[in-house]
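*Asks:* One structure follows; several queries about it will come next.
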Amino acid sequence: PIRESVRVSTDRDPDLEDEKREQLGESMQTELERLTWGVEVGTSEDINVDTVKRWGLQNNKYNAEHWIPPGGQRTAEDMGKLYQFWDEFIETYENEVMMNSGYREPLNKDKVFNTLLDHSNNKTNQTAEELKGIQTKIERMTMYFYEANVYESLGQLKNKFINIDEQTAKDYLLDKLEKPDDLDIVRAMGTYTLECIVVFVLSKQFNVFALDKASVQVATLVSELDSAAKIEYNRIIAEDRKRKKAKWGDKQINEDENILLQDKGVDTFNGDVHSELDRKKKSISKQTNRKRVRISKHKEPGIGEALFGWLASRKLIEVKKPVFLFDKKNKKPKNVIYPGYVDCLFDIKDLPFCSTLPMVYPPADWELWPTATAEVSDPYITNLTPLSSYRGGYLTSLQRESGDSPTLLSEKDYGVFDIHIDRERSQPVLSAVKKLQWQPYRINKLVYDFIQKHWSVLVSVGLLRPKNLALFKRKEALRLLSSLLFKHEELSTIYRYSELKSVLLKNIHASTFELYTMKIAEAYLDYKIYFPIFLDFRGRNYRHGPFHFHERDLVRSLIIFDESDDSAAHTINSDVGDRILHNFLISAAYHKSKFGVYREALEFIYNKIEDMQSKPTFFEKDIFVDTLCCRHPFQYISSCISLKTYADTKDLSVLRYTPVFQDASASAYQIMSYFLLDIDYGIHTNLLKKTNTDGRYIRDIYEFMWGCLIKYLIAEEKIELAIKLLTPNEKDQESVLAKIVSIFDRNVVKKMFMPMMYGKTDYTLKKDVEDLLKGKSDSEGINLISKHISTYWKVNFGKMKDLMDLINYVSWFGAGQDKPVVYSTPYWVTLQTYKWRKRVKMKIQYETTKNNEKEVKTTSAKMLIPLNDNDIRKSSTSTFANFIHQKDAFTAIQLVDFINKLENASSIPIYAVHDNFITMPEYASILPTLYRDSIFRMGHPLIIINKFLFDHILIPAIQNEHPQNKHLFSVEERSMLDRMMIDLQNPLIPDFGSVDITKARIKSIVIPKDLLLKCFSCLWMSKTKKISLVRWESCRDKIIKVYMRYTDDISSDEGVSRWLEYKNNLEFASDPVWSSDNTNGTQADSLDKGEDDYCIHY
């Protein structure tokens, strides 16, 4: 289907959502403590979010932050007036608009939900075939364009898009288009087919579940309209050919009809831009080629542009108004910015439901598509199959031939970013994907009923919005807001209309999201549900649509596990029951807040259980007060409901099927600690077990960094103090230590240093410091603090920076050879090719009417058009982050593969979200052991790095056919290369039982410096791309320097000792699963160490 750019799970980071919620809970707790000590809101201060929270807590208006915009000089009295204004606004709207006899709720989305409800278990007893039929029907209604489905779902939009008194889209395009191919496409359409295509595209782009996106780029909309029309044309031609073939046979089909007129998914808009770029290429120098090119609107508009013009002429969309930047001195406009975004002028709630939903039938296995190219012939990836050639998941994906079916690879640019697999060695990948997507779930009815019953209370504490907001009509609501604000003259001098408009629309959008989330839950109440799996080019798994564990806290609380159809009979003895209860209680406590050790979490939840039993009002009052400072309020509510149900019924299944969430402790730094074999990093990321006098506790790498930063600054200030004593006339500088201690904390340190892992530059670091210290320090102080932080990183994390530089330099070198950057795991190979993107500004003209007169308007469409040249700089700066993410992904796949090999694998549910793992309480204790072993299964760090060098330097050098290379390598060197190539096939170093033998083995896999130099010289002789010799030699020298420094450390006596410590900590020693002669697997119980383990934790 057309890519859901606003709701595909790759667009959101669930970890970031959790972090924001945790910080919100922490700040709310701080405000509650301030209230305890009697801290008041100032009478006139620059209002911020915490001030709004404080005012809300003081006045029992816990949802104030949703309705009061931050910023400006506003008092507590002003906030109170605005809060009353909103109450009046909602009441007025409900009385004057919603009670109007002409008002109707948008009903068109109910078609999808009613289909599910009508076939639910409480009305019929579905067979497998019936469930398959229901699933196929839902997919046809929500995922793909079917004209009849869209037409029937138009509802209140029918009069807007289909009006017999107005020109149809087909007639409009026939008037505007000039290209014969485009005209043929339009003529093949039905009377209202183009209108239905437009509605379908708008439904995909303007999505009620996209809380963070209200506008769509003009270029995106034009491109999607163009592509959708051509995909439908291809389908029409294919169907026509099938009919002719069935009636007349192959010989009677016209030869011209055997070739589709338009390539699948290719739009005229992008093609015209490329044509214009090619035309101008000769007149643009290499230097200016990277600057934005302004391209005038071409004379022959494409289908997408013409449909955009039709929408604008019907006043269904509008382009956002330009932004004028004013010169503060002259008070005149100095620049105009054209945003290039478009808004709908009708309620997007009225659009048909076009979003992927959970499945009620098990997803189809991923299979190599028969028409796909099975093998690729590239020396780097010989005999491997691209993941983009696999079809499966949704049932209809195997039935569609029009090119719009999703593939296993979630990337849009196949070939540019792809995964290639060996169909034999990569079986664990496909098996893990099958395990993940065949796991059944169901809706938590207890939580669903609780939320519906207590909706108004949840609104009052700021967790939900009023239900009626979702029914507000945009046009009527904004008209009422304007008139009501006009009546409140005093309020209109404090708050701008644009501010309040933004607040209102955000709340309407959020309310719509919540309402339809509950509608989805209601529709699936009586079904088992499944989530198809998709992988990105690094191997990380995703799900599509708005309802799965990648989503927000509300959605997560509504999903629980269900038994697989092939699950073995399961007996819960007393030990298993104790384990379920123990793990569930810890998980429940962590939904409330973080704890240093699990023991503290248990103490907290035991006290909470006493409250449940002793306070009759707990579920009517106390629990909602608790949610004010919760990390995950809805999941906390879910846990409390489950505990209450278990206490009443003694039914352990209530706890057993509730998911528990465990996150890897700073997984990127865990993987880095493994590559560096750094004991400190390993301990402070909880990857290595270490006890102290107080017992084991959860360590935090960012707290560790925070402490190290303070120590570094203390040492620096001592030096500066000594310098001051020697130079008494020197101007006193602001104390960096005092400033950082007063403003920084653990969360700020994380914000500063986590992106360092992914190539954050000193410039970006300085911008972050500027944002943090805005109004609290001058530019000199900001520069000084930024300099100290940057120096601290380079000094204290030098080895980490060296490894990052090594990966980046090799990537630069590989991309400079006009080859994809390749990085591997034992199961798959990732191909990454960043292309230069031309910044293009195109002019699009469209007609509209004003005062019954036609008016021609022009808007700008800003695009980034990929060119054919590799972007070497982007490859260099981006590869390390992708490299680490790939190792994360391998760890997740390896962990699921381990579970697949257990004899009771079908009974062990698992859901992976990047470096987060979800399972039943019964099996939560085994995941840390599996996670550690999965990291170890990546192989020895030096072998992984060597493989990266072989892919980009040594293999290309060996394969170089230049005559001068004939005797470049000696017999011994070629023999060494052959042996190393064999070593790369098995990245694990065997346990020799001797430190000396292990050390000799590690030293034997170090690539000699002389051999590297020969390979580099060989590659320079084969180069055709013009890269300066100076730059090339500089990159070569850096690679060799950093690699030799890395190998000297890893292969040293200390390095070997560190490797053995990591091996002893990570490898699952008593491991019959990995034996080649083992067929029965091992019991999951043997993996439970019976102790708290925090490498992944709640």
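The backbone N, Cα and C atoms fix where each Cβ goes, and this holds for glycine too.
Swiss-Prot feature annotations, pasted as is:
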ACT_SITE  D663  active site
ACT_SITE  K750  active site
ACT_SITE  D915  active site
COMPBIAS  1-24  compositional bias 'Basic and acidic residues'
REGION    1-26  region 'Disordered'
*Asks:* What same-chain residues, at least 6 away in sequence, bring their CB to under 8 Å of the CB of K750 (active site)?
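*Replies:* Expected: Y702.
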*Asks:* Write out the long-range same-chain contacts of D915 (active site), meaning residues 6 or more apart in sequence whose Cβ is under 8 Å from its Cβ.
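*Replies:* D663, A664, S667, D888, T891, A892, I1096 - these are the non-local Cβ neighbours of D915 (active site), listed in sequence order.
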*Asks:* So, in DSSP terms, is D663 (active site) helix, strand, or coil?
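*Replies:* In three-state terms, D663 (active site) counts as strand.
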*Asks:* Inside 10 Å of the Cβ of D663 (active site), count up the other Cβ atoms and send me the figure.
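*Replies:* For D663 (active site), the count of other Cβ atoms within 10 Å is 18.
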